[in-house]
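Going by TrEMBL, these are the annotated features:
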TRANSMEM  C:6-27  transmembrane segment
TRANSMEM  C:39-60  transmembrane segment
TRANSMEM  C:72-97  transmembrane segment
TRANSMEM  C:109-128  transmembrane segment
TRANSMEM  C:160-184  transmembrane segment
TRANSMEM  C:204-225  transmembrane segment
TRANSMEM  C:237-265  transmembrane segment
TRANSMEM  C:277-293  transmembrane segment
Amino acid sequence: MIGIISYLAFFGTVASILAIAVLGLNLQWGNTGLFNGGVAAFFGAGAYGAMMLGGPADPLQFGAFELPYTIAFAGGIFLAALVAWAVGLLTLRLRHDYLAIATFGVAVALEAVARNAEWLTGGAKGMRGFPRPFEGLFEDQFTYNLAFLAFVVLILIAVYVGLERLVRSPYGRVLRAIREDEIAARSLGKNATRLRLEAFVLGSAIIGAAGVLYVSFYAFISPQDMAPILTFQIWAMLIVGGAGNNRGAVLGAFLIWGAWTSSGFLLAKFAPTAVQIYTGPIQYIMIGSVIVGMLLWRPQGLLPERIERTKTGNEAPGKTASQG
Amino acid sequence: MSGGNILTVAGIVAGYVKDLPILRGIDLAVRRNALTTIIGPNGAGKSTLIKTIAGLVPVSAGTVTLDDTPITGIRADRMADLGMAYVPQTDNIFKTLTIRQNLALVLRLSRRRETRLEELFDLFPPLKDKQGDRAASLSGGQRQMLAVAMALAREPSLILMDEPSAGLAPKAAAEVLDLAHRLTRDGVSILLVEQNVKQALRVSDHCYILAEGRNQLDGPAADILADPIVGEIYLGRRRMNDV
Amino acid sequence: MIQNLMDGILTGSIISLGAIGLTMVMHMLRFANFAYAELLAIGAYAALVFDRLFAALVPVMDQAFGGLSLTWSLTLATLAAMAITGLSAVLIDWAIFKRIRQKADALSMVFASFGVALIIRNVITLIFGLKAELYSNDIAFAMVLSRDPLLLIKPDQVFVLVAALVLMTIFHLVLSRTTFGFALRAVAENPALAQVAGVPLARIIIVVWMIGGAFSAAAGVFYALTNHLSPLIGHNFLLPVFAATIVGGIGSVYGALLGGFIVGIASGLALQVLPSGYSPAMPFLIILAVLLVRPQGLFGEAEQT
Ligand SMILES: Nc1ncnc2c1ncn2[C@@H]1O[C@H](COP(=O)(O)OP(=O)(O)OP(=O)(O)O)[C@@H](O)[C@H]1O
Ligand SMILES: [Mg+2]
């Protein structure tokens, strides 16, 4: 019994962390129409940032300042936001493809840094021993895990409520107007680029926060944790749930993470060993098929966007004037 | 059936995005060997109408007829074979090709002999002098010349021109409009969109006024030119719907 | 230094071949196609299959040309792979991208292309396994060009560079001499105007996919010939070919050619100062530099949002 609850708590914690990242992506893609091809980079920036500030001191490594959790948390978010700001500044005024390519590139570049800059990131073996928050307050691991789940869920709710408010505010309407109508957006001129940049940085900061929670939970981070597949998983979650719908984003996170872990479990349990070594590729094909299949057959996702789409240029039909 | 009309547009509804019509039921006719001009405020849908006739904008209702042949919804690249040419408002030449290549492309696609190149150069001597240069190096007026030359290359019976005088110095603008006028005397029919209202109407035979995707007024160019209301509209004092 | 430069030129020629088609489809269909580089992988593995097939059917064809690891069967296999990859590109466009194009925006296309890339890459992994493969297990000896500084070059590398240059020259002649070439350049610059001028757009797009696929296949084979086959070929070349198109300016074929060499050489020379682990990041730095200094690329028109 405790085993099952333990497992569910574990599952719920990871799924909730991913759901936070999906919410961040939803602000960018769903609400503002910005393509983020490097979700893993911002997730990783958050995780590594927190680890460098709050991790245990290590003579071989720069960073590892053992700073308090709140500072490590804020630092992780800040690093993710900083990377987003730099990339956004260069690309957001150009054709949308450039943002896609640059964000994809930033993920490749940061992964290379994580793998190679041993003095900074611990290299391929990663960094371990992140002091887990509030660990001293609980005597056994089981209650601690439940408390940590509650902590993550609380943050998930806070992010959800905050984003719902934002989306419904006049600010959110402007973001959607930018997404819907390039021409209208262009008439906002410089302003539109600024608004886009803000949404992109805010979304990336939220994805960074998910990264911080991830490293808080596992107390460990390595380049493996920011591999490109993470980006694809988070996209699949958003497109399944329904881009533009925050409830859908959370639902998609739980569904896809459930499908991912259970397919892994089933393959490990029932598939012959010869097939098992291909668990990764099989799961990747699944994720790829989910993305393509959804776009082909149900692009609006399970929970479509509820807010009225902003329409332009078709007010009440005027009467036809004289025809000479 | 179409009598003296080379082009008939009837009840056209069209737009770039589904369910968002820009043209909301337009009727128009172009008489053979005449210069017909469309005027109207910015955003009226003038360019959209011309693009629709040229087969570049999806049509949701209405018909377009060229020389008794229904051409609604036919792909733009087939229009050329049917004797229609279109000179877009902007980006109307291939800047990365040389002047000669621009013309050769059109001639070869329509299986015209390359000797026609010389005829075109005779019509536009400045192009001949720069034929080996990239089209990007041409001046504004020369670009319009090349665009018109490309349209003429296939010896079309109807040419659609979208603001050919836009951005040109007054002299060059007048030359382009005169050219259009001369072409109609040589057996080509022209549908022209112009902002340069006074100059355009002076050389036009017939005129249509569009606003907000609908017909507002039409008549002989001279009458429209003399109409005080038209002047007022172009001074922006009155809106079309109050007419 | 000179060794790195030579290696960079070689890699550059492969990137250029990969970028030619990408720059054209990216401009014509107006979306960044992240599945494009998988065509290199499809080509490389298709050639492997045909090579084994031809060699098994007609064993005499399995003779290597002096010094090269290239054989008759691999030569024919490469041509077959170019055709197959071109067809695959057309087929993928028809089955997936065309349908999404009809009902959704460019962003969905970019998104779908990532999904397609993931599927192709992992299907290849399932079929051929994760381990690296070689066309020929015979060891190809390098020629020593100079002992101090030590400069080595393999006959295969010379062949690849020459073959890539030949392909580019043929393509250049087609572009600059033939009606088809003019039409292609016209479409690349301004698809709507090209259509108005009488270019059958739909047919040209199919041909562009064919050419892009064929050139990518050649690039994939050339890479595999001088290195090895791996299901990650597509993934590893994705950023370099994008960098080449951005350096050259999206839509410019000649820009992509030059861009490929610039990216290859810069990445090669970067090894002078950076450990090789950072190589995957080099194209990204080049992209950043271009966006900072000249966002439209070397030959590109200024492009609005
Ligand atoms: N490619 C396009 N996609 C979507 N909407 C467009 C496009 N081109 C024009 N529109 C819209 O169609 C409407 C009519 O535009 P159009 O270019 O036909 O006007 P116009 O009468 O030619 O104006 P102008 O005098 O400024 O050239 C405008 O509201 C414009 O925003
Ligand atoms: Mg116009």
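Here the Cβ of each residue, glycine as well, is placed from N, Cα and C on the backbone.
Annotations in TrEMBL come from automatic prediction, not curation.
Contacts between the transmembrane segment (C:204-225) and the transmembrane segment (C:109-128): absent, as fewer than 3 C-beta pairs lie under 8 angstroms at sequence separation of six or more.
Outside the transmembrane segment (C:109-128) by six or more residues, the chain places 29, 31-38, 41-42, 45, 48, 92, 96-97, 100-101, 229, 231-232, 234-235, 238 with a CB less than 8 A from a CB of the stretch.
When Cβ-Cβ distances under 8 Å to the transmembrane segment (C:160-184) are tallied for each of C:6-27, C:39-60, C:72-97, the top count falls to C:6-27. Note on the transmembrane segment (C:277-293): residues 236, 239-240, 242-243, 246-247, 262-263, 266-267, 270-271 of its chain, located 6 or more positions outside it, place their CB under 8 angstroms from a CB of the stretch.
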